[in-house]
Structures are given as C-alpha cells and as structure tokens.
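Enquirer: Before I ask anything, here is the structure I am working with.
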Amino acid sequence: MLDIKWIREYPEKLDEALAKRGIEPQAERLIKLDLERRSHVAKVQSAQERRNAASKEIGQALAACDQTMAEHLRAEVEEIKVFLSSATTEEKRLTENFERALSTLPNIPLDDVSVGKDGSDNVVIRHFGTPAMFDFTPKEHFDLGQNLKQMDFERASRLSGTRFTVLSGALARLERALGQFMLDVHVDEHGYTEVSVPLLVRDEIVYGAAQLPKFADDLFRTTDGRWLISTAEVPLTNLVNNEILEISDLPLRFSSLTPCFRSEAGSAGRDTRGMLRQHQFWKVEMVSITTEEQSLMELERMTECAEDVLKRLGLPFRTVVLSTGDMGFAARKTYDIEVWLPGQGCYREISSCSVCGDFQGRRMNARYRKEGDKTLKFVHSLNGSGTAVGRCLIAILENYQQADGSIIIPDVLQPYVKGMRCITA
C-alpha cells in the first residue's frame, strides 16, 4: 500500500508513476476521499470531547444545585450520543471507501525501470549458456512425457479437470528431486532459513501480500473463508505481520517448497497443452525482509541465487528487467529469468524476483527499529521463485532429450534419484 502522506505532498509524482503503468490519474480522487474521511473524524473527535466535557459539567451543576443547567447539559449529551451513533457508521463507510481506493493502486516503479505497455518492452540484461543444437527435431515436454508413459493428462482431467497433470515413475521422482535440490541449495549455501508454512491462510494475510482485493478472482477460496496460497510468498512474507523487528535481526531470509494453487482466470486459451500453466504446481520460494537501505542489493543477491540453480542444472537462460507494463502489482522492480525451451524454440519465464519496497510492509504493519532510534520504519520485502519446479522439469525434459526420446538426468540431480542417469520408457 502507498503512503497517503506522500500522496498528499507529491500528488503529481503519483500520477506520473501511475501513467508509466498505463493508469489514469488518481491523486485528486484519493486526496478528496482522504479529506472527507479526516474531516469527519475531526467532527467525531470534537463531539466526543464536548460530550466528555458536558458530562463533567453536569456534576458541577448538580454540586451547585443548578438543576436547570444540569438538565440542559443532559439534553446536550443525549443529542451528541445520537450524533455519534450515526457518525460512527458514516466514519466506517468513509474509511472503507478510502482504503479500498488506496489498496487497489499498484506500487511505484523505480526510476530505472523502462516504461512499456507489455512484455515486448522488457529489457534483456544477460544470458547464460548456449541453446543446444539437436541433430533431430526436438519435441515439447508433453510429447516427451507421454511417450515415456509417465505424464498423463487424460487421467488428470478425469480426476480434476483441465490444467492438471499426473506424473508417475521416474518423472514423479525427478519432480520431487528438483524441489529438494533447489531447497538444499538455498538453505545450505545461500543462507535462507527453511520454513514449512500453512497452505490455507486468512483474508488479512492475502491482503498483506497485496493479492487482495485486486486478485481475488485468481485465487481459490474454501467454504470456510480461507484461501489456498498461490505462492509461498504469501505466508512467508506475513511471518512478520504486525511485528516490530530490531534492525540487527535483518535481513531475514526464508525459503519454502510448497504446492501453489491458481485459478488462471485470465489465462483462457494460453498454454492449454502440457504443464506450463497449471491450477496446482510445486515451487520453491525465496522471501527477504530487510531495510530500505539494503533492499536493492538484496534484489541482486536474490536474483543471483535463482540463477545459480539453473546454472547448476546446466540450463540456458536469460535475465530480463520487466517494463512497467509487465511488472507485478506490488513490485517496484522485477527481474524475470527465462529458461530456453528447445521444443517451443523460445525462452519462457521460470522465475521472477521482485523488490516491493515498503508496499507490503505497510499493509502488514510490519516495522523495524534502528538501534538508539525510537522511530519505527516499515520493513522492505522481496520475493523470488527459486524456482518453479514444474517449469524446471519441463526445461530438463526439453534440453536433455535424446533422439530416442530418453532423458539424461543432470549430474547434480543424480544423488537425489538414487544414481539414476537416464529416464526411458
């Protein structure tokens, strides 16, 4: 959430930033809603003060045996009570209108983020590896998996509908191995703390991660009002919800391997074949909670951690900076890591690493205190995929495929699959 004090002071900067995201000016409307709310609150506070004063004056009038004045004051107090009864309801309405408007505004892009309409304006900043040249036409992952008889979309559809997959045998083991490998790298070598988190969370937790109210249609909600997590970012970031941290404890770095659940409401007709876009998938997530001064350096570090996983797996990839038109709602800057898929003949996203500033910290009321300073600041948060397990499995299938349809297992994964070197039908 943005800082309304900043918006009041720099309304033109807000509208300039929103224009970079293709959004109409909002500062005037927000300031008006805020003024209405604050004016009403001031009236309520004034009425409460007068009620309290009048109540004391009643006692003074009675002590002075001035019954007429006491009755007059009682009538005034009753009148104020009637006003406050309706005013409280109005205050709630005005506050909800203001907070709803403020909570639907995206974060402010950093100055070095390129302005663009969509992904076509993203900027490639580096490559790793060279896509392999095959002496045969490389297949896509769904053909490879089905030919191995270890990737079943028909049975998955009977079980759950579209955008689900049943993996079996060596492919199921390889998927499990990938998640364990990624988590081991981040925890043992990159300095993240492994965390096992709930998969069901409350409204305020999803709100704190900036996925509510704007993205409710993209999520799954249970009948008792809880939400299935779309990413472990949601619970990991909220581990510091409503907490005051000491600066000496920062940064906090968390990592978790979880299933993720997404309705893909806005993805009709996109990636309908295969495992690229699923309602349920595994992902290793990285989250950092840090200070304003350290957040940009932490973004570079987190992105390097995600890249390191792909380097160890020998997968060609490129890293891009997302333009303002392609960047996520809560992000100030995002690096996407895109892995090469020879079957598709293109790069596809496998990780996003974003710095969110204090956007989530403000929603969560998560703050930190500097040593010797009583002033509290909102924490800065970052999140990144470390990486998407299913998409990494896809990349291994396509990049390590052989002419006979078998799949070579990368060396670093072989200890996780009991020394298996190749997957065959």
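Even glycines carry a Cβ here, placed using N, Cα and C.
Sharing the features that Swiss-Prot gives for it:
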{"type": "BINDING", "residues": "T231, A232, E233, E285, S385", "note": "L-serine binding site"}
{"type": "BINDING", "residues": "R262, S263, E264, E349, I350, S351, S352", "note": "ATP binding site"}
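Give me the lay of the land around each of these features.
Expert: Under a cutoff of 8 A between CB atoms, and with a sequence separation of 6+ in the same chain, the neighbours of E233 (L-serine binding site) are A209, E285, V287, N383.
Counting only same-chain residues six or more apart in sequence, the Cβ atoms lying under 8 angstroms from the Cβ of S352 (ATP binding site) belong to L322, G328, T334, Y335, D336, I337, G384, S385.
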Enquirer: Report the member of T231, S385 (the binding-site residues) whose C-beta atom has the most other C-beta atoms within 10 angstroms.
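Expert: Comparing the binding-site residues T231, S385, the most crowded Cβ belongs to S385.
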Enquirer: Tally every other Cβ atom lying within 10 Å of the Cβ atom of E285 (L-serine binding site).
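Expert: Cβ-Cβ neighbours of E285 (L-serine binding site) within 10 Å number 30.
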Enquirer: Among all the protein chains here, how many other CB atoms are within 10 A of the CB of I350 (ATP binding site)?
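Expert: Cβ-Cβ neighbours of I350 (ATP binding site) within 10 Å number 25.
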Enquirer: Can you give me the Cα-Cα distance between R262 (ATP binding site) and T231 (L-serine binding site) in Å, rounded to a whole number?
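Expert: With distance taken Cα to Cα, T231 (L-serine binding site) is 9 Å from R262 (ATP binding site).
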Enquirer: If you take the centroid of the Cβ atoms of T231, A232, E233, E285, S385, the listed L-serine site, which other residues of that chain have their Cβ within 8 Å of it?
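Expert: In sequence order, the nearby non-listed residues are V234, L236, S256, T258, C260, K283, V284, M286, V287, N383, G384.
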